Amino acid sequence: MRPPHPAGRGVITPHLDSDAVHSNDGPRTPMIAPSLLSADFARLADEVARVADADWLHVDVMDAHFVPNLTLGRPVVEAIQAVSPVPLDCHLMIEAPERWAPGYAEVGARNVTVHAEACTGDPRAVARDIRAAGALAGLAIKPGTPLEEYEEVLRDFDTLLVMTVEPGFGGQAFMADVLPKVRRARELVDTGHLRLLVEVDGGINADTIEQAAEAGADVFVAGSAVYGADDPARAIAALRAQATGAA
């Protein structure tokens, strides 16, 4: 049986079960998703507790094949979910995600994102399987991947993750030249073509979050900007305030 999700901001229902994954009415409410990749892996439970004021907790799963780095897998995600005060946002940077993605939903992830570039078949089939397992389905694209190729496919997804760095490692510099894709995604949502959350991941900090918010992002993945701060809760609040002011 799938574990219940803990309460927290940003908990939304997959649009197979709801009329509104993303509402076009009223101002957007920015969501901050600290990246566990920047945390101390020797103290994961404590590090999870430090970001209790976040909206989602971003967990990067890497297989050392799709990206040149290796992190953690389903058993660790399940253990994190058991102690997390906020919903998990699992970003799968792995080959053949259609084989593994539903399992992360089954152990409690709130959102499971796969890379368009890694799917061996139609990404919409992966989305259906993720949703059937009880989570939101996300599609990620690398900085060099054109959004246009996936605009119709995205009608079956709940989130779009636009990478603002090359995937695989934290601490990279924000790539502002990717923002036109965020703007295009925002346009597609605002005109009703898509109903999803627009998420950005990579180099998000106090110097860059306003650019991403102005472009139209809803969800902001921040690693060192949160976990490298003396007070992660204060850092989360400050980032959220910046994004709110710029949205």
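Positions of Cβ are set from backbone N, Cα and C atoms, glycine also.
On a predicted model such as this, the values are computed, not experimentally measured, just so you know.
Annotated active site, proton acceptor per TrEMBL: D60, in sequence order. Taken from TrEMBL, the feature active site, proton donor covers D201. Here TrEMBL flags S35, H91, G168, F169, G170, G171, D201, G202, G203, G223, S224 as substrate binding site. Per TrEMBL, divalent metal cation binding site is recorded for H58, D60, H91, D201. Per TrEMBL, region 'Disordered' is recorded for 1-27.
Here the features listed in TrEMBL are painted onto the structure.
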residue	record	CB count, 10 Å
S35	substrate binding site	24
H58	divalent metal cation binding site	28
D60	active site, proton acceptor	25
H91	divalent metal cation binding site	28
G168	substrate binding site	17
D201	active site, proton donor	28
G203	substrate binding site	25
S224	substrate binding site	18
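For the divalent metal cation site, the Cβ centre of H58, D60, H91, D201 serves as reference, and the other residues of the chain with Cβ at most 8 Å from it are A33, S35, L37, V59, D89, C90, T113, L161, V221.
Of the recorded residues, G168 (substrate binding site) and H58 (divalent metal cation binding site) place their C-alpha atoms 14 Å from one another. Note: the CA-CA distance between D201 (active site, proton donor) and S35 (substrate binding site) rounds to 9 Å. Cα spacing between D60 (active site, proton acceptor) and S224 (substrate binding site): 14 Å, rounded to the nearest whole number. Within 10 Å of H58 (divalent metal cation binding site), counting C-alpha to C-alpha distances, fall the following of the binding-site residues S35, G203, S224: S35. According to DSSP, S224 (substrate binding site) is assigned to a helical segment. Of the recorded residues, H91 (divalent metal cation binding site) and S35 (substrate binding site) place their C-alpha atoms 10 Å from one another.
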